[in-house]
Amino acid sequence: MRRTVKDFRNAKGQRLVYLTAYDYPTARLAEAAGVDAILVGDSLGMVVLGYPSTVPVTLEEMLHHTKAARRGAPETFLVADLPYLAYATLDRALLAAERLLKEGGADAVKLEGGEEVAEIVRGLVRAGVPVLGHVGLTPQTASQLGGYKLQGRRPEEAERILKGALALEEAGAYGVVLEMVPARLAKEVTERLSVHTVGIGAGPHTDAQVLVFHDVVGLYGDFKPRFVKRYLEAGRLIQEALSRYAQEVREGVFPGEEHSF
């Protein structure tokens with residue numbers, strides 16, 4: 001049975017599993033594996049669409065992939081990212097969230113930022129939209145943070161992240177993602193918040209963990225961040241299978257009699 005926002009609000013201290021999925025087959029596999037929540041992240045821009053960052057991802061693209069993921073995982077709680085600038089104002093955020101929830105079938109939306117987006121979060125929650133916050137490394141604005149690197153090393157950075165997480169909770173977010181922050185900071189934030197935290201590159205002390213599907217299964221062999229654990233080398237196995245197929249076609253081995261009518 002699909003979890004509800006209330007379940008996640010009461011999930012503090014539980015070891016929850018989030019996983020990204022961007023289409024019907026990956027969402028179907030994630031649901032079959034029993035994950036607690038699927039995140040249709042704007043990371044799809046990089047791992048599915050080949051963009052250099054998440055910035056070019058549009059609302060229409062997010063909607064397209066959210067619909068597909070929902071069809072693949074009808075019984076799993078599904079969170080969809082609000083893409084870059086889709087929540088620059090509350091009106092824009094409400095329109096984007098409306099489409100992702102009503103048309104896309106998402107159960108909640110995620111947006112990046114701390115204190116600076118707290119009022120947007122408050123307005124969304126007031127309108128009945130469940131919101132997952134996101135602090136630390138925020139990929140949509142990574143260039144302002146010096147690139148894709150660890151955040152919160154310096155005391156002032158750590159304070160900003162903690163204050164941001166607390167502001168998101170106070171605004172009504174049902175949980176907060178902590179990305180690429182020191183484990184000790186993630187532990188402190190997790191202990192200070194009453195809502196659950198979701199870590200990615202944030203150590204073992206968060207309430208939940210999230211990883212990108214393609215990283216977990218090793219679809220891209222040349223990309224492995226330090227915080228990723230690969231459970232399969234799918235990219236290599238798939239490439240080997242496709243090479244064998246091509247070879248057998250060229251050699252006249254496939255199709256054989258057993259593949260013919």
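Along the chain as shown, the residues are counted starting at 1.
Here the Cβ of each residue, glycine as well, is placed from N, Cα and C on the backbone.
Listed in sequence order, L39, G41, V79, A80, D81, L82, V131, L132, G133, H134, V177 are the same-chain residues six or more apart from K110 (3-methyl-2-oxobutanoate binding site) with CB atoms under 8 A from its CB. The 3-methyl-2-oxobutanoate binding site feature in Swiss-Prot is assigned to D42, S43, D81, K110; the stated evidence is sequence analysis.
According to Swiss-Prot, the Mg(2+) binding site annotation covers D42, D81, E112. Every protein chain considered, the tally of other Cβ atoms within 10 Å of the Cβ of D81 (3-methyl-2-oxobutanoate binding site) stands at 30. DSSP gives D81 (3-methyl-2-oxobutanoate binding site) a strand state.
Mapped onto three states, the DSSP output places E179 (active site, proton acceptor) in strand. Residues or ranges marked as active site, proton acceptor in Swiss-Prot: E179.
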(request) Could you check the recorded positions D42, E112, E179 and say which one's CB has the most other CB atoms within 10 Å? (result) D42
(request) Might you list, by sequence position, any residue in that chain lying six or more from S43 (3-methyl-2-oxobutanoate binding site) with a Cβ less than 8 Å away from its Cβ? (result) T20, T54, D81, P139, V212
(request) Give the distance between the Cα atoms of D42 (3-methyl-2-oxobutanoate binding site) and E179 (active site, proton acceptor), rounded to the nearest whole Å. (result) 14
(message) Measuring Cα to Cα, how many Å separate E179 (active site, proton acceptor) from E112 (Mg(2+) binding site)?
(response) 10
